[in-house]
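Structure, as structure tokens:
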């Protein structure tokens with residue numbers, strides 16, 4: 001009996017460690033209008049009227065995570081419908097990424113690199129609402145704090161990138177290697193006039209796919225986070 005208990009001990013310790021490193025994401029809508037918050041792979045989706053908050057528990061080790069706001073949505077009683085921006089296949093409970101343009105909070109928790117969390121705000125899929133993505137503990141264990149994108153990018157969007165309810169990234173519009181950092185430009189792409197526009201509006205955010213140096217943030221594993229729409 002004692003031996004079997006000893007065999008279970010490492011599993012118990014691993015479970016406790018995983019629980020300790022899980023994160024709570026608090027998503028708040030400060031926009032003066034309703035948004036339909038989306039979060040994958042943890043969360044799904046939820047209607048948030050102005051001033052409302054949604055709490056998401058994200059398991060340790062989650063990668064490829066995204067949180068975003070959908071706007072101009074209409075759903076029926078079965079959660080089927082459509083959104084003007086950020087739509088995720090016509091459902092309230094998202095299981096896949098949203099349709100551009102949408103401002104993205106991206107994250108990976110407890111990564112293999114020293115167990116750190118890495119997170120960012122990305123405009124690589126365009127912009128639909130201002131956003132802050134900040135550690136909830138005031139930045140302890142987070143050397144740079146967190147990113148903010150508080151500008152009304154839609155109001156200043158270049159004509160070629162304008163979209164209903166938002167501002168597209170040039171990759172979405174033109175689909176060229178230069179703007180998407182694909183194909184012949186996969187390893188050589190750099191800033192463009194359009195990406196410089198986005199960077200000028202939101203210096204903390206990704207303005208094109210290779211914009212890592214000024215746009216990636218990190219915290220120690222187990223940090224909780226606040227995502228605020230229209231801060």
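Even glycines carry a Cβ here, placed using N, Cα and C.
The annotation signal peptide is assigned in TrEMBL to 1-22. Here TrEMBL flags 31-230, 73-83, 88-94, 149-202, 157-167, 171-180, 181-189 as disulfide bond.
TrEMBL feature annotations superimposed on the structure.
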{"residue": "31", "record": "disulfide bond", "CB count, 10 Å": "19"}
{"residue": "83", "record": "disulfide bond", "CB count, 10 Å": "26"}
{"residue": "88", "record": "disulfide bond", "CB count, 10 Å": "23"}
{"residue": "94", "record": "disulfide bond", "CB count, 10 Å": "23"}
{"residue": "149", "record": "disulfide bond", "CB count, 10 Å": "25"}
{"residue": "157", "record": "disulfide bond", "CB count, 10 Å": "20"}
{"residue": "167", "record": "disulfide bond", "CB count, 10 Å": "26"}
{"residue": "171", "record": "disulfide bond", "CB count, 10 Å": "22"}
{"residue": "189", "record": "disulfide bond", "CB count, 10 Å": "21"}
{"residue": "230", "record": "disulfide bond", "CB count, 10 Å": "18"}
I'd like to know which of the disulfide-bonded residues 31, 83, 88, 189, 202, 230 sit within 10 A of residue 180 (disulfide bond) at the Cα level.
189
Which disulfide-bonded residues (88, 94, 171, 230) fall within 10 Å of residue 181 (disulfide bond) by Cα distance?
171
May I ask which residues of the same chain, at least 6 positions away in sequence, place their Cβ under 8 angstroms from the Cβ of residue 73 (disulfide bond)?
36, 47, 81, 82, 83, 84, 87, 92
Please work out which residue of 180, 181, 202 has the most C-beta neighbours within 10 angstroms of its C-beta, and give that one of the disulfide-bonded residues.
202
Nearest to residue 230 (disulfide bond) by Cα, among 94, 149, 171 (disulfide-bonded residues)?
149
Do me a favour and check the Cα-Cα span between residue 189 (disulfide bond) and residue 88 (disulfide bond); whole Å is fine.
29
Using C-alpha atoms, which one of the disulfide-bonded residues 94, 167, 171 comes nearest to residue 31 (disulfide bond)?
167
